[in-house]
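Taken from Swiss-Prot, the feature repeat 'WD 1' applies to 14-53. According to Swiss-Prot, the feature repeat 'WD 2' maps to 57-96. Look at Swiss-Prot and you will find 99-138 tagged as repeat 'WD 3'. Marked as repeat 'WD 4' by Swiss-Prot: 143-181. Residues or ranges marked as repeat 'WD 5' in Swiss-Prot: 193-231. Per Swiss-Prot, repeat 'WD 6' is recorded for 234-273. According to Swiss-Prot, the repeat 'WD 7' annotation covers 285-322. The annotation SUMO2 cross-link is assigned in Swiss-Prot to Lys321. Sequence annotations record features per position, and here Swiss-Prot assigns repeat 'WD 8' to 324-359. Residues or ranges marked as repeat 'WD 9' by Swiss-Prot: 435-474. Positions annotated as repeat 'WD 10' by Swiss-Prot: 482-521. For 524-563, the entry in Swiss-Prot reads repeat 'WD 11'.
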Amino acid sequence: MGEFKVHRVRFFNYVPSGIRCVAYNNQSNRLAVSRTDGTVEIYNLSANYFQEKFFPGHESRGTEALCWAGGQRLFSAGLNGEILEYDLQALNIKYTLDAFGGPIWSMTASPSGSQLLVGCEDGSVKLFEVTPEKIQFARNFDRQKSRILSLCWHPAGTHVAAGSLDYISVFDVKSGSIIRKMVLDRQHLGVTKSRCIVWGVAFLSDGTVISVDSVGKVQLWDSATGTLVKSHLVANADVQSIAVADQEDSFVVGTAEGTVFHFQLVSMTSNSSEKQWVRTKPFQHHTHDVRAVAHSPTALISGGTDTHLVIRPLMERVEVKNYDAALRKITFPHRRLISCSKRRQLLLFQFAHHLELWRLGSTSATGKNGDTLPLSKNADHLLHLKTKGPENIICSCVSPCGSWIAYSTASRFFLYRLKYERDNISLQRVSKLPSFLRSALHILFSEDSTKLLVASNQGSLHIVHLSEGSFKHLHTFQPQSGTVEAMCLLAVSPDGNWLAASGTSAGVHVYDLHHLKLHCTVPAYNFPVTALAIAPNTNNLVIAHSDQQVFEFSIPEKQYTEWSRSLQKQGFHQLWLQRDTPITHISFHPKRPMHILLHDAYMFCIIDKSLPLPNEKTVLYNPLPPKNESDVFLRRTTHGFKMSKIYKPLLFMDLLDERTLVAVERPLDDIIAQLPPPIKKKKFGT
């Protein structure tokens, strides 16, 4: 792999927001996740659980409910009393609508997807029609005395169950009237609580209503008679979430103790047709409250305060026992939050509402491989740049020369000029920006820092020339097709002649920046692009996809390189394909044109194109060779993929120069330490 001096950075104090809601779309096999800061993420479960889209958060837009309707349309609602629809192409908010019922606690779509119901603070249940352009208010159901905390439609679309404080109501959809009310027992282990909060309800085809509540119970009700059929005490704290499989043969609940319980409908005896709900499996993959759960055909999905999104496969429902059956725990966003100025040894860290600029430390000490060297100069925190307004930062970048910083929110674009005088730094905002620079999904500077490249959410790419005293718009590349496709990833060649852009449809377009025209489009591939970069000298474009495939495309020749064709012909090593985190960054060695450097959250790899490709008989993760190396061992370990798992979780890694790497890690224990304390559970013998 070679010997590098590594700046091991652990002062990026990033803490993801907790998960508040999840919504699974069975038609597209996608999962929507909302976080406590209002951020909404879309995961493509068919594309190796890749986070293919996200919508930035907003301080006044905390999400309490999230659902899919009308096929591929996504809606959310929250305590500001508004319903939002998301534009999944342009990646922005399509519109907002006030429900006029105070804070919204719950929302659900009808089985047909043509109607939405929201439950409000004032006790109202409001029905909306989903039209092609937007939603329209239809009517109110009978108002209740307390807030509506949970809602669920009957699969036939004729009735609705609503959970409140101390009771569950069953509505007739046609009339909007209550036809049944079930009162809950507030007792927990012999102690009567002041309130019983119905956090979640589910309505089954046979008329059974399942409720989860604040006294730790999962209860099954007969909606026709209003009687309690079965009660399961599963926790000493709140049961906060529930989701049912489409086949209605299993459901999952999440508790405030961090436990997820799986219930299944099983036959009482081998010859009996009588079935009963049985708690079969408890899972403890969370440390804090499990605020949201979902049930896909093959997995249980959960998320909560500890920020982890956990996908727990149901082994009996996974046809092929391969890496798809492995537990997934997603913590970090599948996009870069860090940029680097190699020339000045700077790192720019992106947080929700501020940026931090750091200068790396240095050492004059020397040592052997594996030694930790003492710093002769500590890292400097040069700048803390706080945003104005309630919107989260979408993207940011520091220029290679370290003299420019740009960032964007959903409605504003900011550009700053930095000047360095000895140990002091001054910041000057560029105030007169062109009107088209309102918002960006990705920002990039050219290698010489003279060009600013901006991808807007309307599918256009803006090229701007920068100099100390001027700001000139050079060109705008318009979307290639009639539909708006947001460009999420950009890569510029070191010579400044080529720009590669990838959009939400997994296509990659290459633009000629010298002649300001589209040069070519890379052949389409079925999986989203996770990272891309253009190599110096050769101008070969290296593309990583969510299924862990890596391609090399010659921009001058408009075709895949011979090395890439050989790699695809032989295929990747099975252990490489089984990795469950996407490649998020690609770079190149300035003096070794045959080397490609890339990393995901748990692995750093140098691909040496001059060496043989690994096959299934080779050892992919190269251990240190023994002192007495045998020819057999050398043949099994000498290949072009040199991998290291020393640094993890790895949020960013890049070459500063030909002998120096910078690696930014974020240990999970540091994140957990900054979360609120979990509920303490009494253990046996304590």
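All residue numbers here begin at 1 and follow the chain in the order shown.
Placed from the backbone N, Cα and C atoms, the Cβ positions cover glycine too.
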Taking the repeat 'WD 6' (234-273) alone, what is its mean pLDDT? 92
Return yes if the repeat 'WD 9' (435-474) and the repeat 'WD 2' (57-96) have at least 3 CB pairs under 8 Å (sequence gap of 6 or more), otherwise no. yes
Counting only residues at least 6 beyond its ends, the same-chain positions whose CB falls under 8 A of a CB in the repeat 'WD 8' (324-359) are 9, 11-12, 14, 16-17, 37, 41, 43, 49-51, 54, 57, 59, 285, 298, 307-313, 315, 318, 379-387, 392-393, 395-402, 405, 407, 420, 425, 488, 530, 578, 580, 582, 584-585, 601, 649, 651-652, 654-657, 662, 664, 666, 668, 671
With DSSP as the reference, give the number of residues of the repeat 'WD 3' (99-138) in helix, strand and coil. 0 helix, 22 strand, 18 coil
Given a Cβ distance threshold of under 8 angstroms, which distant residues of the chain, six or more beyond its ends, lie next to the repeat 'WD 7' (285-322)? 15-24, 26, 29, 31, 33, 43, 45, 49, 238, 240-246, 250-256, 258-260, 262, 328-331, 578, 671-672, 675-676, 678-679
DSSP helix, strand and coil counts for the repeat 'WD 11' (524-563)? 2 helix, 19 strand, 19 coil
If you run through the repeat 'WD 4' (143-181) with DSSP, how many residues end up as helix, strand and coil? 0 helix, 20 strand, 19 coil
Take the repeat 'WD 6' (234-273) and count its residues per DSSP category (helix H/G/I, strand E/B, coil), listing them in that order. 0 helix, 20 strand, 20 coil
For the repeat 'WD 10' (482-521), how many residues does DSSP put in helix, in strand and in coil? 0 helix, 22 strand, 18 coil
Report the DSSP secondary-structure composition of the repeat 'WD 2' (57-96) as helix, strand and coil residue counts. 0 helix, 25 strand, 15 coil
